[in-house]
Amino acid sequence: MTILGTALTPKATKVMLLGSGELGKEVVIELQRLGVEVIAVDRYENAPAQQVAHRSYTISMLDGNALKALIEKEKPDYIVPEVEAIATSTLVELEQAGFNVVPTAKATQLTMNREGIRRLAAEKLKLPTSNYQFVDNFDDFQSAVENLGIPCVIKPIMSSSGHGQSILKSKDDLQKAWDYAQQGGRAGAGRVIVEGFVKFDYEITLLTVRHAEGTSFLAPIGHRQEKGDYRESWQPQAMSVQALAKAQHIAEKITTELGGRGIFGVEMFVCGDEVIFNEVSPRPHDTGMVTLISQELSEFALHARAILGLPIPEINLISPAASKAIVVEGKSNQVQFGNLFEVLQEPNTNIRLFGKGEVNGHRRLGVILARDISVDKALEKVSRAYDKLDIQL
């Protein structure tokens, strides 16, 4: 039997969020709807989830001593990592001491870098993946490109939202691709994965929930990327019966190996009836923001339920839907959004503005959401709304 305490009382159920971006913000809101006390942590002040949490702290989460001291001070019932750049060895140590890491410290440690999860998927679980090599220096990088061929995909082993990722299309860009990967790593310069290019019809995120009563799958989400960063997503993505069955098999196999409870974003490439594993995140996925409007329970609500041991009897899709990321480039600490009346004029259209106070280069500041009678109609609707938005830096 699950018993939840009330926030800000001696018997409160406490969750500490490690990473406080826009996805974490939605998780905080869903936890607070269930009366949970939430502490949000990030490396910079006033991050989106910190703005809505009961308390917040700003530390380097790669500093194991600082992280351990904070967790021992707050003594949360659940520790919920929301980013990759965390001292995961400290989480392993704290889990062994009795703290509850969501979904598990092992899952957080393996998925924080692409090497751990790729070796688990391809070498231990024998899941279909692209060809790949890991490299530590420019000479080995050149050799890997020679072996895998051009085009190929270059990624830091630890990064998110497309940072440091590129598709190498010419040998003339070798140095540029290497330098970009070195600059984009969440923990600084270092090891890189070079992946053989996969020919695919489309990419999907299969959100997979491990909960008290088993494993459940959301309707597959299609998405479009630019420079490794999500720009649009839609649900459901049409798939053959065979491809969907293979995708669910892959997702169940990898999430079972990682263990614990919570939502996982399993990314895959699909070509006809064939499915190739790409990556997995043990947390809500940015492409899954479409579920804020497409489903009765969003990925964030499902994550909260799973963490707390609450039932998930079924997952209902309300209608086809789409999302479009609001991405800006420039420099400002006083961003404003205009024409919102026009943006929200059409029925079943919504917007989420993340509350990120500063732009210095390229940053995702919000998302536009819409439902319609088909995915194509929903994509057209979010594009129309996006075109009306006036962003002032």
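Note that Cβ sites are derived from N, Cα and C of the backbone, with glycine treated the same way.
Annotated N(1)-(5-phospho-beta-D-ribosyl)glycinamide binding in Swiss-Prot involves Glu22, Leu23, Glu82, Asp286, Arg363, Arg364 plus, out of the candidates Lys14, Lys356, the residue Lys356. When the binding-site residues Leu23, Glu279, Arg363, Arg364 are ranked by how far their Cα is from the Cα of Arg114 (ATP binding site), Glu279 comes first. Glu203 (ATP binding site) has Glu267 nearby among the binding-site residues Glu22, Glu82, Glu267, Glu279, Lys356, Arg364, counting only those with a Cα within 10 angstroms of its own Cα.
Around Lys356 (N(1)-(5-phospho-beta-D-ribosyl)glycinamide binding site), the same-chain residues at least 6 positions away in sequence with a Cβ under 8 Å from its Cβ are Glu22, Pro48, Val335, Arg363, Leu365. For Arg364 (N(1)-(5-phospho-beta-D-ribosyl)glycinamide binding site), the nearest neighbour among the listed binding-site residues (Gly164, Glu195, Glu267, Glu279), judged by C-alpha distance, is Gly164. Cα spacing between Asp286 (N(1)-(5-phospho-beta-D-ribosyl)glycinamide binding site) and Gly164 (ATP binding site): 17 Å, rounded to the nearest whole number. It is 25 Å from the Cα atom of Glu82 (N(1)-(5-phospho-beta-D-ribosyl)glycinamide binding site) to that of Glu195 (ATP binding site).
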